[in-house]
Ligand code: TXA
Ligand code: MG
């Protein structure tokens with residue numbers, strides 16, 4: 001049984017109690033819904049992997065109410081503090097050396113010497129993290145390899161009966177996961193995953209960013225970078241310049257292609273923030289329409305390659321990537 005909790009003082013209180021007792025609560029953040037468990041209890045973390053059906057080799061992000069709490073768990077550099085000051089609370093995850101005094105379990109950190117930390121934005125997630133008072137590990141609240149949820153009802157579609165509760169704080173504002181920045185290497189910070197904070201905004205503080213060397217199925221620097229990660233059921237075709245009646249259209253901008261069997265416009269106005277917020281809902285919607293109407297695929301109109309457009313393109317490339325054999 002999965003409880004559906006409202007974001008009221010008593011809902012928050014219940015959610016915090018479940019987490020402290022080692023249970024699982026999905027909650028809204030500004031990016032996507034996370035599937036939270038107490039990062040200090042390996043049994044709680046194990047339940048997260050089990051509920052998601054997630055391969056064990058994925059380290060999880062630990063979430064905190066404040067930068068001070070986050071920096072108790074890692075060795076923070078001056079650059080990390082500047083980034084935290086500029087972007088927290090907000091959609092930025094920093095990978096830093098794990099402090100020797102860190103209370104985060106090895107299972108949550110996947111035994112790595114580094115730890116990913118983030119301070120999410122939003123009244124209810126902030127109140128929840130304050131009430132729990134411990135690091136909360138939370139991957140996106142979807143089954144492994146599926147579309148990230150940006151609404152409480154998406155979470156229930158994926159995980160109903162597999163988790164203790166979902167705290168409903170409404171739709172997520174950013175709609176894309178956080179940007180993951182690795183500060184452990186010498187030299188430039190490495191952008192492991194594009195996300196809610198555009199690279200250009202980071203570069204104003206960090207200078208030029210570095211990028212992971214290669215993207216392979218077998219040894220991803222960051223498992224969020226695995227190909228075929230954000231997979232709808234229907235095959236996805238990128239940069240479509242025309243569309244057929246048997247396809248669903250994921251459009252962008254004021255001139256959606258004519259002739260599709262179903263359509264979802266990421267942003268009529270061509271606004272990339274709006275498009276990011278509507279991306280995962282759009283893929284879900286077209287998937288469902290596909291099942292009803294017997295569509296054969298999803299065609300995606302080009303999205304510009306700047307700002308949040310880079311993160312949107314990244315997610316779409318994954319949605320279109322060849323699927324691993326199951
Ligand atoms: O917006 C978000 O980041 C959401 C919300 C719930 O906070 N969380 C999320 O978690 O997207 P998840 O587990 O789906 O993605 C975490 C990403 C993965 O790509 C993972 O590999 C990377 O962060 N990551 C975590 N710990 C890491 C570490 N120590 N070193 C490198 N990458 C790490
Ligand atoms: Mg995920």
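Heads up, the Cβ atoms here are built off N, Cα and C, so glycines get one too.
According to TrEMBL, the features are:
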BINDING   31, 138, 178  L-threonine binding site
BINDING   54, 58, 63, 118, 140, 148, 193, 230  ATP binding site
DOMAIN    9-197  domain 'YrdC-like'
Binding-site residues near ligand 2 among 58, 138, 140, 193 (Cβ under 6 Å): 140
The one of 31, 58, 148, 178 whose CB sees the fewest other CB atoms within 10 Å, among these binding-site residues: 58
Rounded mean pLDDT for the residues that make up the domain 'YrdC-like' (9-197): 94
Proximal but sequence-remote residues of the same chain as residue 140 (ATP binding site) (Cβ under 8 Å, at least 6 apart): 32, 33, 34, 35, 148, 149, 177
Spatial neighbours of residue 138 (L-threonine binding site) among the binding-site residues 54, 58, 63, 193 [C-alpha, 10 Å]: 63
Among 54, 193, the one of these binding-site residues whose Cβ has the fewest neighbouring Cβ atoms within 10 Å: 54
Additional residues around L-threonine, ordered along the sequence, whose Cβ is within 8 Å of the centroid of 31, 138, 178: 29, 30, 32, 34, 61, 63, 91, 93, 118, 120, 140, 177
